[in-house]
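Shown next, in C-alpha cells, is the structure this report addresses.
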Amino acid sequence: RLANAVTPLWRLPYQEQLQVKYESQRKILQALASRLEELGIDAQKPGGLCCPLQPVVPSPIINGYRNKSTFSVNRGPDGNPKTVGLYIGTGRERNIVCVKASHVENIPSKHKQVAQCYEEFICRSPLDSCILFHEGGHWRELVVRTSRCGHTMAVVTFHPQQLRQEALATQKALLKEFFTCGPGAVCALTSLYFQESTMTRCSHEQSPYQLLHGAPHIFEELLGLKFRISPDAFFQVNTAGAEVLYQAVGELCQATGDTVLLDICCGTGTIGLSLAHQVSKVIGVEVVEKAIEDAEWNAAFNGISNCEFRSGKAEAVLPQLLASWEDARPLVAVVNPSRAGLHYRVVRAIRNCRAIRRLLYISCKPEGEAMRNFLELCCPPDPQKKLAGEPFVPVLAMPFDMFPHTVHCELVLLFTR
C-alpha cells in the first residue's frame with residue numbers, strides 16, 4: 001500500500017511511465033489552451049494544446065534517486081508508536097498509519113539506513129514520540145540529505161513540550177552519542193542537526209538548526225560546479241535529473257554574452273550559477289536566508305563573480321527591482337517556485353517589465369497554482385489588476401521526469417512576447 005501511495009507507477013516499465021506522464025502533461029496544456037480561449041486568446045495549436053509539447057525527458061537514474069527524504073514518526077501497522085517511515089491513510093478516515101519505507105524504490109538505501117537507526121534510537125528512549133502536539137511527546141520527523149560526494153546529513157525535529165534546558169541538553173548528548181559512538185555510527189553522518197519545533201514546520205529563523213556533530217554543510221557537485229547545502233536550503237531532489245534540466249534551461253534561454261539572467265526562487269543558486277558563464281550577469285532572489293548564504297558561498301568558491309543574490313520574499317524584492325529597471329541589456333527570467341506558484345505581485349512585476357521578452361517557468365505542479373500564474377502572464381492587459389504590460393505567449397513545453405515511479409513531472413514552459 002505504501003509503495004502504491006508514494007510511487008504509484010512503480011510496477012510499470014519505465015517507458016510506460018514516461019508515456020503516462022506525457023499524457024498527463026498533454027491534458028494540462030489542453031486545459032491551459034481552453035482557459036486562454038475563455039479569455040479571448042486564440043491559443044489552440046495542433047492537438048488542442050496551447051503550444052508544442054516535447055517528449056518527456058527521462059531521468060538518468062530511475063531507482064534511489066532522491067537526495068532528500070523526510071520520514072515521519074507515528075504508529076506503525078503493529079501499533080508501535082515509534083515507527084519511522086511514511087504515511088498512508090487520511091485524517092478524515094482516521095486510518096493514518098506510518099509504514100517503514102524499506103521497500104520504496106525512489107529512496108536510496110543510505111536514507112533507509114539512517115531512518116532505521118533513528119527508529120532504534122527513539123525506541124530505546126524513555127521519551128514518547130510526538131504524534132499530536134497537544135497530547136505531549138517529543139520525537140518527531142527525520143530529514144536525511146545525501147550527495148554524490150558521499151556526504152550524509154540528518155536533521156532530527158524534536159518537540160520540547162515542558163522540558164527544561166538541562167533535560168534537552170541530555171537528549172541532544174544521547175542522540176549525538178548514538179550516531180557517533182553507538183549503533184548509529186554505521187551511518188557515518190557528515191552532519192547531525194537538531195531542531196526544537198513547536199510547529200509543524202519551522203524555518204531556521206523561527207527555531208535555529210543546532211549542529212550536534214560534524215560539518216555545518218554537505219556538498220554536491222553539479223555540472224562541474226561545487227555547491228554547499230544547508231539543512232533547509234532548496235536543492236532539486238534528483239541531482240542527475242537536475243543536470244539534464246539545467247542544461248536544457250540554458251539552451252532555451254537563448255542567452256548571449258550581454259544577457260542579464262533573473263533567477264527567481266533561486267535556492268542555493270544552482271540554475272543561475274550553472275548558466276553564469278553564458279551571460280553577463282545573474283541576479284538571484286530567494287526567501288530562505290541560509291540558501292542565499294549558500295548561493296553567495298557557491299559563487300565565491302567556484303570563482304563566479306557576475307552573480308548577485310538578494311534575500312527576501314520575491315513579492316517584496318522583485319517589484320522594487322524591476323520598477324526601476326533601466327539596464328539596456330536583454331533580460332531573461334527563470335522562475336522555479338514551490339507548488340504554491342508565484343505571488344501575484346511577482347507575476348505583475350514580470351508582466352509590467354518591458355525588458356523581459358523571454359520567460360522560463362519551471363513547475364513541479366503545473367496543474368495547480370502555477371496554472372493561475374500562466375493565465376496571469378498570458379491574459380490581455382487588465383487595468384483593474386494593474387497588468388499593463390504586453391501579454392506573454394506559451395511557445396514550447398518540455399517535461400522532465402525528475403520523479404520516476406511517481407505521477408509527478410517537472411514542466412518547463414517557455415513564454416515569449
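Just so you know, glycine gets a Cβ as well, placed from its N, Cα and C.
Annotation comment: TrEMBL describes Gln236, Glu286, Asn336 as S-adenosyl-L-methionine binding site.
Within 10 Å of the Cβ of Cys364 (active site, nucleophile) there are 19 other Cβ atoms, across all protein chains. Residues or ranges marked as active site, nucleophile by TrEMBL: Cys364.
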One should report the C-alpha separation between Cys364 (active site, nucleophile) and Asn336 (S-adenosyl-L-methionine binding site), rounded to whole angstrom, as 9
Return the maximum Cα to Cα distance in Å (whole number) over the record's S-adenosyl-L-methionine-binding residues: Gln236, Glu286, Asn336.
15
Gln236 (S-adenosyl-L-methionine binding site) has how many other Cβ neighbours within 10 Å of its own Cβ?
25
Across Glu286, Asn336, listed as binding-site residues, the smallest other-CB tally within 10 A is for Asn336
